[in-house]
Amino acid sequence: MGTRFQSFLLVFLLSCLILISTASCERNGDGTIRIGLKKRKLDRSNRLASQLFLKNRGSHWSPKHYFRLNDENADMVPLKNYLDAQYYGDITIGTPPQKFTVIFDTGSSNLWIPSTKCYLSVACYFHSKYKASQSSSYRKNGKPASIRYGTGAISGYFSNDDVKVGDIVVKEQEFIEATSEPGITFLLAKFDGILGLGFKEISVGNSTPVWYNMVEKGLVKEPIFSFWLNRNPKDPEGGEIVFGGVDPKHFKGEHTFVPVTHKGYWQFDMGDLQIAGKPTGYCAKGCSAIADSGTSLLTGPSTVITMINHAIGAQGIVSRECKAVVDQYGKTMLNSLLAQEDPKKVCSQIGVCAYDGTQSVSMGIQSVVDDGTSGLLNQAMCSACEMAAVWMESELTQNQTQERILAYAAELCDHIPTQNQQSAVDCGRVSSMPIVTFSIGGRSFDLTPQDYIFKIGEGVESQCTSGFTAMDIAPPRGPLWILGDIFMGPYHTVFDYGKGRVGFAKAA
């Protein structure tokens, strides 16, 4: 009786938590393969799980580890909170085919799915698992694999089998059978695994990505793939990924292309960012950005995210160190900036930072809100000072008075974001929030409040959060912007592997 009840309970839980839907695929006369994407509706349970994941992760994670690759024991991919991902598609593996729902992720490069040998991770019991013994095309590999995700890791081993994406069959594709998955992130996820579309340079175990094999084996017409993400919440169609080309009906005008500057990620250079038409000045000399389909969020340096938070009224951390810097050193900093001093060196010149040529604001806002030792306090004061210098410089370019500049900097001290977390906003103010503009390839790309604000529920029960999150990446990799679905939704995105470039056009 007990066994029957446990079996019934397991089936019931599976039915409640697994997303059951189908994704269409189509081979067209133009030689392209189109994969229909499913879109997960935003809900409070996943948003809560996302917050718990970030809270549990926070004390163990440091931005300086974000881009560490090829560790002697494990590889590192961009740290993601995949619970924020909204778009998925289906693939099959093996003969006969076994279906899996995956995120098509341009921010990583491996294909991994749960293994039937995943016994001890609860997450595996709530997702489809690959059964090697039931596939006649399976080829044993056995090479161990581990991908670290902050506080946990996906671990397992490599196997080889036929992978079908749409109508394309990639023979003997190497992929990871995950035998261990970290806690809540993958337990509540509406997908089974990840299909990475990044470059081989960041592939765990130097495994050849699925996309590379598509191109090298001549399975696609052109070495291009493109994303259209449907942002209409009332439309059942979630979007589409096209392998081998683009779908003209999903964009307007011409794409603006920029070259990939660092292979591994789809990374490129961008210009300055504007808030309500006002330049921030932070990226006036250029910043790096990554087009990342594996996240719904848009992540950038704390300095600029704080300015956005202030403009949209987002809640943040009140930083005592930041306020102390503005109060004690604000006028001195302004005098240095008026004397045309480099904002990055102002804080060392007034003695707040020990500038050694590498210190910069990108060391992170984590230190700004730390308490404890004098070393942490000094670092917090330095980071706060460097951010304030950028804010003041931005206001000086707008010919603001010294009194207004100091008041503005003090106000921003109340809106510093929590590292890598979203901020709550007033749903009633969304229509009056500013347009945020990115400069890419000499062209302006606007994001409206409807693009960057997530709304859950209706009426008095509604909750709104900003899609902008802060994460500081130290030089030489940073400062860095990660443009997720918030950006790729309004802008159709082309990933041109053949010419090493990324293109954006207004989505239709």
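All positions are counted from 1 along the displayed chain.
Cβ atoms here come from the backbone N, Cα and C positions, even for glycine.
Not measured: the values here are computed from a predicted model.
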Report summary line: From N206, N399, the annotation N-linked glycosylation site in Swiss-Prot is attached to N399
**Report entry** Record Swiss-Prot, residue C353, disulfide partner from C322, C382
**Finding:** C382
Query raised in the report: If you look at what Swiss-Prot says, which of C413, C464 makes a disulfide link with C427?
Result: C464
Query raised in the report: Using Cα coordinates, what distance in whole Å links C124 (disulfide bond) and C347 (disulfide bond)?
Result: 50
Requested in this report: Would you mind sorting out which of C287, D292, C353, C382, N399, C427 (the recorded positions) have a C-alpha within 10 A of the one on D105 (active site)?
Outcome: D292
Requested in this report: Taking Cα atoms as reference points, rank the recorded positions C283, D292, C353, N399, C413 by distance from C427 (disulfide bond) and give the first.
Outcome: C413
Query - Reduced DSSP assignment, D105 (active site) - result: strand
Query raised in the report: Whole-number Å distance between the CA of C382 (disulfide bond) and the CA of C413 (disulfide bond)?
Result: 14
Query raised in the report: Taking Cα atoms as reference points, which of the recorded positions C283, C353, N399, C464 is nearest to C413 (disulfide bond)?
Result: C353
